[in-house]
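All remarks here apply to the structure that follows.
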């Protein structure tokens, strides 16, 4: 045995000692010594890679692995783990797929990689297999991860998953099951689970004196943000906004959590608090969030950013981001709608409609929502017939009751009864051939019959009513409408089928007349017959079967009218005595005493002339302390409203209004000089 071979156990002992004391730098140096003297020592090489991983030197570890390819085939787990930590997720998946007989470590890492790649179905099956076939101290962690995958399948992939019945022994499990209930749209149940998770989280740190309050708040942050989201979905916006702001105030270290909370605050602000929304959106779109958020979360944030540009009148940025989103997410139509809305804001209606038409043509699966928006745009422009043509191009969707109702209403608004009738007839024909047992068919046939009767087409109405009568021969209302229809063009047929109507005795056979009369006597007013002179005022006795009480009419004494004391019966009464004095034909107004103004003002001037030239007095004759009144608004005419000018608000002059007295001109002096 050589000296070098004798030194190898000592080097391994030294390596083991540094590893136990977590002195990874010294351990790496010792491993390098071993590999320098013994290049084929696999254990030393593996220890070196592990020490690099423990020191978070993942790039260095991968560099060493790539240089030493003879060891890389045996260290695929370490290589895949370094790639996973460096967010090279696809490379990590490719490395793990090359393992022929994966052990539990490989499967655990593969499940983590699949979860990050959002391959939730395979990840779910992998965790179920691990839980079923493993027995160690990590069962609770595996169940927690399984519940997270289950929630993602329900929430993001929208798969209807069954509850596996996991025991909620930790706040992480309780939180994941709350997310599962959110995917089930059970917001009340999710709120209860989240409040329970919050209580469990606080309780789990009660026995640990080394945990600070800030660390507890850090753990509670994700639960509270999710709880705020549930409250927001329930319409409790104020409580939700307060909770979001409280979490952000504590400055959580999780950048993804901060981004989600900031984005949700932007959705609560909508078109208000734009300055705050801009700051929050800047946080939600930071560069370090690519691997912190799911694809659905990133998509929602990008759409909200585009909407924020729209609301803040940043048209160019809005169009650029909308174009980018259309390329990045071709499966959603929201970017196209935002782009069209921006064009409408810029009064480019034709371009907006052309954009929607092209998108509907290229994406038939998304054409329904796009075409409905086109209908709205046409109606906003007053183009009813183009809107109807778009509705009729919806395929089988045009036979939905709501679409049929919209078409009939639009055509009736244009007084186009023929087109409305055609819509109803085609709808009845479609349901007859495609859904003959549908209740909608019966409803449409009744509506069509009523429409034809109302618009003077009794033959078409009779045809529909005959079909309805075949379906329900005992429907007397259908029979009555059918008789009404036939009576307009075939009275013999109407008379023949009228024999099928039930008799009056059959219709009123179950009616209790006495109870009906009694109900009217107790609820309605009691009418009394006024007694005539010479007649017996005693009421006749009511029949024994009736409960009505006939009261004796009371006579009212007439009061004699009072006359004035100076009343002269021989005088002729004034026929205008009921009209106010100022409105009578012979009223000439009150005489003015001209003598009372003598001695006031300049010689020969009257008070009215003085007032006219007195600037301190207003035109209305009010005092100098009164405020100017605002002009009375003009009334709208029956024609289209026109903007009123300033002159139109002034009151019109009356026919008796006098022109102001002209001031006397001063006599011009002879040889008058210039100014």
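Numbering starts at 1 and runs along the chain as it is shown here.
Cβ from N, Cα, C; glycine included.
Unlike curated entries, TrEMBL annotations are predicted automatically.
Per-residue pLDDT, averaged along the repeat 'TPR' (221-254), amounts to 95 for this model. Taken from TrEMBL, the feature repeat 'TPR' applies to 221-254.
Here TrEMBL flags 530-675 as region 'Disordered'.
Per TrEMBL, domain 'Signal recognition particle SRP72 subunit RNA-binding' is recorded for 536-589.
Here TrEMBL flags 552-563 (among others) as compositional bias 'Basic residues'.
Taken from TrEMBL, the feature compositional bias 'Basic and acidic residues' covers 574-586.
Here TrEMBL flags 626-663 as compositional bias 'Low complexity'.
Taken from TrEMBL, the feature compositional bias 'Basic residues' covers 664-675 (among others).
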Tally of helix, strand and coil residues over the repeat 'TPR' (221-254) according to DSSP?
26 helix, 0 strand, 8 coil
When secondary structure is assigned with DSSP, how many helix, strand and coil residues does the compositional bias 'Basic and acidic residues' (574-586) contain?
3 helix, 0 strand, 10 coil
